[in-house]
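Taken from TrEMBL, the feature peptide binding site applies to 138, 139, 140, 272, 273, 274, 275, 276, 277, 570, 571, 572. The Zn(2+) binding site annotation in TrEMBL covers 301, 305, 324. Annotation comment: TrEMBL describes 302 as active site, proton acceptor. Under the heading active site, proton donor, TrEMBL lists 390. Taken from TrEMBL, the feature domain 'Peptidase M1 leukotriene A4 hydrolase/aminopeptidase C-terminal' covers 470-614.
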């Protein structure tokens, strides 16, 4: 472990960016679908920060290093012992010591493994079009090192340029602005397409992203397109039509959008997350295509990341809440501008409910992973991933907003936080120092906050804001009514009770039932006849309904639950459903059989986590 200039090491990286830090990356890649590898060269331009730097250590994972050079000089390199999670340190011996301020550009010729954890390769049959293969990356949190040798820490930000060659007629996109594309022939005489990209804003390695497939686009705003296979493109165009309104609302709150283009890419169903905030090209799951724009808050979340996360970045993954807590807070500010303040309160209350059930109930209330600031000594950040940094982080910010005087007082602090730390990475200590600097006249108020409890205590915080209950009270009343109902009461319920509920209220109704004792199979059957939740096109509603049914030990829910974990790979849905299926004797063997059958088609992150969940 090496300390850096902020006095806090990154326990997930082999690098020492205090000696020399990457400033720019120049990439030249060829994508080989037959071998399922990416190969080529990266040129790493360093800012040397100390005198007498005689070696450089980079992060790598399962890379085949062919040659390392400085200009015409071939450099000695060595791959250290492989760590099961963090990969291998790539140790490069320089031809002579470099001093502070010297220019250092190292070129590395290499290829990835066919099992690179950052990449998922889909055969033609796994795509919607069934004719061409598909590949996409997911580098967060520490998978970029399996795609390229780099300083794979969020504390290191660099600009990048890239040239990517793929087989025609496939399209390549990256988390950057496309400069040009050309069609030509490979050395083997095959038709290929080459794309050039440029990312002028310093970006951490986890935000380097690539996708290759038979993609089409549609304009959805003056600076936005949506991309997908043609089978989803029209649905996606309609679903995300309010993107520009969200961008404008974000700019109103936290200043100019600096990334130029804001495009969306709808990925195949195996993508493990709701969205990934790759600059210029947000990746999203097709489970957002509800048909009524009811899940568009995920787009607001990814747009918010353009400031909180991408522009101002957590220094290490132990401070992940700085990325996600601020982004949820800003996301709901954006939605408030579009749908009203009561919606912001309602979504905060609704998601807090899901945190309590899905996370505290899963990890345990005393789990260190339920702390806001966690420790990652010898821990894979993927294993600690949950909604805690999102919702507990948001709750702290909401609590502070109320404590300090409301939105008109707190929103200027949010803008000042972005302006002070933009293009940088920041620690929790730096965030807190700036909070005290900005509210210097309210130090006595801030001193009343139990910071140790918020940052370092597991479980639920002591101070949860009192949210407006206007939109949630009917959900609570109906959930209580069903929880207490006997079979003789079923006839008193009417389908029209949900007619005026919006999608979020239906989600909250089901979410509140999940917090109560399991329903009976008879109640599940009666509710299905009345409300038809099984037919919902909204993935969030369907997910909650299936969990209720599995908790009620309704065997009729086993098949649709197995269908849902196969049809999509979003961790938010797939992991809880597999856990529910795996802990019920009636469904455990079917769950394991389903997992083993479909594991080859799953994203590596998803497969690894579910294997742990099923304890196999």
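Glycine is treated like the rest: Cβ placed from N, Cα and C.
Automatic prediction, not curation, is the source of TrEMBL annotations.
Largest Cα-to-Cα span within the peptide-binding set 138, 139, 140, 272, 273, 274, 275, 276, 277, 570, 571, 572: 18 Å. Comparing residue 140 (peptide binding site) with residue 305 (Zn(2+) binding site), their Cα atoms are 14 Å apart once rounded. Residue 324 (Zn(2+) binding site) is surrounded by 25 other CB atoms, counting those within 10 A of its CB over all protein chains shown. Per DSSP, the domain 'Peptidase M1 leukotriene A4 hydrolase/aminopeptidase C-terminal' (470-614) is made up of 115 helix, 0 strand, 30 coil.
The CA atom of residue 305 (Zn(2+) binding site) is located 20 Å away from the CA atom of residue 571 (peptide binding site). Residue 571 (peptide binding site) sits 17 Å from residue 302 (active site, proton acceptor), taking the CA atoms of both as reference points. Comparing CA positions across the recorded positions 301, 302, 324, 390, the one lying closest to residue 138 (peptide binding site) turns out to be 302. Using a 10 Å Cα-Cα cut-off around residue 390 (active site, proton donor), the recorded positions 273, 275, 277, 302 reduce to an empty set. Within 8 Å of the Cβ centroid of the Zn(2+) site, not counting the listed residues 301, 305, 324, the chain contributes 275, 277, 302, 304, 308, 309, 323, 327, 328, 330, 331, 390. Other C-beta atoms found within 10 angstroms of the C-beta of residue 277 (peptide binding site) number 24, with every protein chain shown included. The average pLDDT computed over the domain 'Peptidase M1 leukotriene A4 hydrolase/aminopeptidase C-terminal' (470-614) stands at 95. Separation of the C-alpha atoms of residue 301 (Zn(2+) binding site) and residue 275 (peptide binding site): 8 Å, rounded to the nearest whole number. A Cα-Cα distance of 11 Å separates residue 324 (Zn(2+) binding site) from residue 277 (peptide binding site). For residue 302 (active site, proton acceptor) paired with residue 273 (peptide binding site), the C-alpha to C-alpha distance reads 11 Å. Proximity of residue 273 (peptide binding site) to non-local residues of its own chain (separation of 6 or more, Cβ distance below 8 Å) is seen for 138, 283, 285, 570, 571, 572, given in sequence order. Long-range Cβ proximity for residue 275 (peptide binding site), meaning a same-chain Cβ under 8 A and a gap of 6 or more residues, is found for 282, 283, 284, 285, 288, 298, 299, 301, 302.
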